[in-house]
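Participant: Got these off TrEMBL a minute ago, pasting:
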type	residues	note
REGION	B:1-78	region 'Disordered'
COMPBIAS	B:8-17	compositional bias 'Basic residues'
COMPBIAS	B:18-27	compositional bias 'Basic and acidic residues'
REPEAT	B:336-377	repeat 'WD'
DOMAIN	B:417-495	domain 'BING4 C-terminal'
COMPBIAS	B:512-525	compositional bias 'Basic and acidic residues'
REGION	B:512-592	region 'Disordered'
COMPBIAS	B:550-578	compositional bias 'Basic and acidic residues'
Amino acid sequence: MKVKVLCRNPDDYVRETKRDLQRVPRNYDPALHPFEVPREYTRALNATKLERVFAKPFIASLDGHRDGVNCIAKHPKSLSTVLSGACDGEVKIWNLTKRECSRTIQAHDGFVRGLCVRFCGTSFFTVGDDKTVKQWSMESPGYGEKVEPIRTILGKTVFTGIDHHMNDAIFATCGQQVDIWDEQRSAPMRSYAWGVDSISSIKFNPIETHILSSCGTDRSIVLYDKRKPTPLKKIILEMRTNTLCWNPMEAFIFTAANENFNLYTYDMRYMDGPVKVHMDHVSAVLDVDYSPTGKEFVSASFDKSIRIFPVQSGHSREVYHTKRMQHVTCVRWSADNKYVLCGSDEMNIRIWKANASEKLGLLSPRERAAQNYNQKLKEKFHHHPQIKRIARHRHLPRSIYSQIKEQQIMREARRKKDVNRRKHSKPGSVPIPSEKKKHVLAVVE
Amino acid sequence: MGESKMAAVKKAKNKVKRYYEEQDEHQTPGGNVDGTDNQTESPKDVPQLPTEQKSRRKRVKGDLKKSGSNFISGAKDPFPGSVSVPENRLLKYERARKSKLGRKYSPYVQHHLKTQENDVQTALGQAARHDILLPEEEGFLEGDEGQDTCTITQEDIAEMVDITSASKHFNLNLNQFGPYRINYARNGRHLLLAGQRGHLASLEWQSKKLICEMNVMETVNDVKWLHTHTMYAAAQRRWLYIYDSQGVELHCIKKFNDVLRMEFLPYHFLLATCSSTGFLQYLDVSVGKEIAATCVKSGRLNVMCQNPNNAVIHLGHHNGTVSLWSPSMKEPLVKMLCHRGAVRALSVDKTGMYMASSGLDRKLTIFDMRTYRPLTSCLLPLGAGSLCHSQKGLLAAGTGDIVQVYKDTSVSPPRSPYMCLQVKGPIHGLQFCPFEDILGIGHGGGFTSMIVPGAGEANFDAMECNPYETKKQRQEWEVKALLEKIQPELITLDPTQLGEVDAITMEQKHKEKVERLGFDPHEKTPFVPRHKLKGRSSSANLLKRKKKVAHEEQREQIRKSIKVKEKQKEQKKSREGIRSPAEQSALDRFKK
């Protein structure tokens, strides 16, 4: 007779001294872990609820400007430095860690229209309503010295925007035409004009550094190559585009913030229709900025809110608003992918977390592991109605809420009319336009 | 560089035999119950996952490159790469079958699914590899040649094994208040005894330490531990009582009256009770609320068991039917006729696949819970009054005052028992102790602890339930368990259903969308032939090209339908079975 009976030595399962960690033997046999799916579902539900509980995105507000904030610029080298220009011609340099203004310059008479920092971070450029481009040093002047720009260029017309080349001493301005400037010269190297209207914003492509794009008041988006004497391409949309932003990771993708409440992500190579239409704002979109990962972007709108969109998705994943925040004119995503800064009409710059429920500061490895696990679970079960409902829920101010309702009704009426028209006309005579094609009027080479 | 590559190729060709491959050969005869030829299982086609092999080959190259620089002696690793895992071990951990990625998905989705599948495969491989590290091995009992294991007495076993194990076989003579119902706590440390005439006792049975003992001075029908050993529920003559480990009465729940049997669902924190008034009631012990009360409408309910795999409650009735219940349904999920007489005892094994039932017709039948059909059946002389499955699938049946333990009941009908024991009174309660090779028997003369080698799970998972847990660990576990308490609405026949695609709702949603939009946005666009030059876009040519595409699609559909038909035919054939011409009757030719 042969016999073996289970007999465990407790020493193998109990810790030796009180200073040791408890022993936790594991066995991953699925038979020992029943109800795997329902338990994971419950965990995912709890994680989603906790995410909403901890969603407190607002960090701080920087006040000090005496008029509405018109533009913000990030520092390319320092995470804690941010520059902002106001409607009274004042430029402020902020220290984000201390949450205070480190320097104030009276840069222009009238609005500061545009602001950009040189790629080396030692100086920055401003353009204003007084038809000048000024270059300023980032360093504050010594004791007793006067605050003076390094260089001043007088232009013939008002400049409305400026952007600096990624790694050359070249910058571009826009106004009635697009000018490309060498930093050493006082006359533009090159000027582009296509049509007569004024151009509101200009951006250099951060990867294909010769490419620029601009958007103008004639509802157009124009692409340029700075090596070529003529512009490349022009598309005309239904309504005016306010600004645009290049994707920092994908060279040919840019997103345009449009006056018709939508954002359009375009592929520079195929301009006959947008890659994606991003809808959710209920008023004109005024500014847009990409996250450094190129996976998401943030948009500021006239409807007093900012929204965060994944590039792949047509709807926003997050909306930020406060009672005091008015029309948001400019927005930037910080270079460490953690914060979003927005400047608004009521003279404040607000700092938000890019991920509303993220815990700031160092995480212990166990915390990190738990967070990753919860994130994966949320991803796994995000289609379930219960979880989806909780994850999607956002509180909205009355004005936005009612406007969304109103626009839904309008859209529904338009759709109904379309369906009826289609029903009562010859089959195929009333085409079904896709949302992507609907808003593009023309493409001009 | 080139040489090392050549060497790598050679290495891959004359593969070194691994220690587990040898083991596999030993294992396969046992594993191949379904009669496949052993000869075909030569070591070279020890099944491996193709991906596993590929990645290994890659790793071999990488490792060799490294080894050239790493080992100063110039020696080469004789076992390069990681150890591959045999497929039968991988199968144990497989949750779902690999999905077939058709062309119907966009490349983006395809890529996403592919990466996900890869992740799952890696996790699976790692989990399977972890098996080697498990410290304990399960018990067994083998007789000498010609010796039947059921003739081996407990005393013989106790003599053979070590002292600690031997001390696990004992008798408690409690002949005053019997017969006894028993219940082990979830981690197998604590034991609860309840004599019908009011005797309640809880003890740490391994150290034989009595924790509390009392007499409630009325009939006790059943007793069950709640989620930890700090609380237990006792079904007394009229009401349900909850006591703490010291025997202090915590609650008297008058809503639950005349309870005869109870089951505790640990992951749902539900106490299911069935009463002599014919009600099935669920009590949520975490909030103390009655979740559901159902009138079963079939008289007195005194046979009950739970399916540990999906938390469905099985009830046995006087008319020989067994009904399956979940708290969210007022009707039984399934009703099956199992016996000619009343059902006396029920038990479902750990995997939830097999149910054992015994009835007044003295039959012990094993049912397959996937098809609800009987698998095997046998006639016991007295009929089993109580049944219990162990963690490893042994089945204990109490017939009169004899306990019989059967092995592999789902494969062959239980003819001769694996083990046998006579106790000093009619058996009233049976339960295998979790994570131990012990069967607890409550009977008229007290309590007997019987050693059944190979009954318990050898390697526990401390995150699930830990026999050696400290107070702190238990408290922490309790908080965690409460946080992930499964809602009672999620009790269904198939617990994995929640992770699958809800096809019906999806179809409905799609239909609604089409109705709302007035057109189908996911509809396939009709084929428009490309415009070609040099007269190749004549209307005849265009039509030809269009037809070509249309025909290709048609062929695809036809191919599919043929496949389906062939499959159905095969299934039909296999169902009927191929009968020899001698068995066929002349009238068979009229069969369709």
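Here the Cβ of each residue, glycine as well, is placed from N, Cα and C on the backbone.
Remember, TrEMBL labels are computer predictions, not curated facts.
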Participant: Work out, from DSSP, the number of helix, strand and coil residues along the compositional bias 'Basic and acidic residues' (B:512-525).
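Facilitator: Summed by class, the stretch gives 6 helix, 0 strand, 8 coil.
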Participant: Summarise the compositional bias 'Basic and acidic residues' (B:550-578) as counts of helix, strand and coil residues per DSSP.
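Facilitator: For the compositional bias 'Basic and acidic residues' (B:550-578), the helix, strand and coil counts are 27 helix, 0 strand, 2 coil.
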Participant: Quick one: DSSP breakdown of the repeat 'WD' (B:336-377) into helix, strand and coil?
Facilitator: 0 helix, 25 strand, 17 coil
Participant: Mean pLDDT for the domain 'BING4 C-terminal' (B:417-495), rounded to an integer?
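Facilitator: Here the predicted model's pLDDT, averaged over the domain 'BING4 C-terminal' (B:417-495), is 94.
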Participant: May I have the DSSP-based helix, strand and coil counts for the residues of the domain 'BING4 C-terminal' (B:417-495)?
Facilitator: 17 helix, 22 strand, 40 coil
